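Below is one structure, written out as structure tokens; the observations come after it.
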Amino acid sequence: MTVTQQRHRPTPERDAARPADRWVRPPVGTNPASRALLLPEITLESGVPLPRVTVTFQTWGTLNANADNAVLVEHALTGDSHVVGPAGPGQPTAGWWPGLIGPGAPLDTRELFVVASNVLGGCRGTTGPGSSDPAGHPWGSRFPATTVRDQVAVEARLADALGIDRWRLVLGGSMGGMRALEWVAGHPDRVDGALIIASTARATADQIAWGQAQALAITSDPDYLGGDYYGHGPGPRQGLGLARRIAHTTYRSAAELDTRFGRDPQGAEDPMSDGRFAVESYLDHQAAKLTARFDAGSYLQLSRAMATHDVTRGRGSLAHVLGAYDGMLRTVAVDSDRLFPVELSQEIVDAHGRGGVHVMSSSHGHDGFLIETDAIAAAVAEAVDAVRGVRPREVG
């Protein structure tokens, strides 16, 4: 299989039209392994300009002389660029896909150059609502709405700065899968292959409905202050915790929750006397973990980007958008996923017209793509092997 090669590094004309992107120090408090790129300005899909966008990212391995061994790993809603590795200063959590990257791993750094960036609108170093505007004040409620297309546009600028014309493979799960598929739809000549895991081509009504409930939990918190809580008290921690409880319930399967917790009380607590069931304690724990490391404004920003995700917007049918893509496109679905059910992955491969869905068996629901690391590692290794046959041809 061949894919037409085009050059995408910034041209002198582009450089003359805008100030040059440049490398900067990562924001204080970010992972010490991070690097950072400053984009003087981006124009969002809405047409709104957003000045001084910092993009933080991590890399593993070495970009080869032909710059044709690069892989982009896309994180999910509350993830970050720390795909593998331990927690530590500036990094509150260990890597979310352990064993995926490294010498001899599925993304083998003896062969591949792996990149993972923090998403636009987030809170792990890339510019978001909690970041400072050019005047030094938190953006807060003034931070404009962004989309998955905007997130990918920022990643494309990062690729340009790194000297990467095209990715050998782009992969991600959930919201990360949305970005990976947007690369295919919006930049098909920059992607040899894509692996879309537990994701969708466009947000469903069910996903949008659950997202609204989570958003209202945050904005109804009195400490939300209309989005301008930065520097003014604790922020909407209670609302964010409630949003996490709602979301986490959709991330796990009913069968798993029943098997794991049933109707058991939490320790010596009595649910008949204001005590908690074990499953309620579990959700409290998940809420506490997230509120300790994540920003409510970013949660709202990214949740809305997921709700507006639709690779067909302004482009025609899904078959038209994906059928024209000449690269490798594979999907992985979790059989117990009630938020991103198998048929959403099937819709993607049907529109592409090639390949099939790898259905992963797991009791863990949507979170299976994070928990079933051996199965994911096997799917990634297979995608890496398959995309070796996809090589660009120079435009004559």
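Heads up, the Cβ atoms here are built off N, Cα and C, so glycines get one too.
Owing to the predicted nature of the structure, the values given are computational and were not obtained by experimental measurement.
Other Cβ atoms within 10 Å of the Cβ of SER174 (active site, nucleophile) number 26 in total over all chains. Feature annotation from TrEMBL assigns active site, nucleophile to SER174.
What TrEMBL records for ASP337 (among others) is active site. Summarising the environment of ASP337 (active site), the number of other Cβ atoms within 10 Å of its Cβ, over all protein chains shown, is 26.
Long-range Cβ proximity for HIS366 (active site), meaning a same-chain Cβ under 8 A and a gap of 6 or more residues, is found for SER174, ALA198, THR250, TYR251, ARG252, VAL334, ASP337, ARG338, LEU339, PHE340. Among the features that TrEMBL reports, active site is placed at HIS366 (among others).
For ARG244, ASP367, the entry in TrEMBL reads substrate binding site. Cβ environment of ASP367 (substrate binding site): TYR251, ARG252 lie under 8 Å away, each six or more residues apart in the same chain.
Annotation comment: TrEMBL describes 70-341 as domain 'AB hydrolase-1'. This prediction places the mean pLDDT of the domain 'AB hydrolase-1' (70-341) at 98.
Per TrEMBL, the feature region 'Disordered' maps to 1-30.
The Cβ of ARG244 (substrate binding site) lies under 8 Å from the Cβ of LEU283, GLN286, ALA287, LEU290, THR291, each of which sits 6+ residues away along the same chain.
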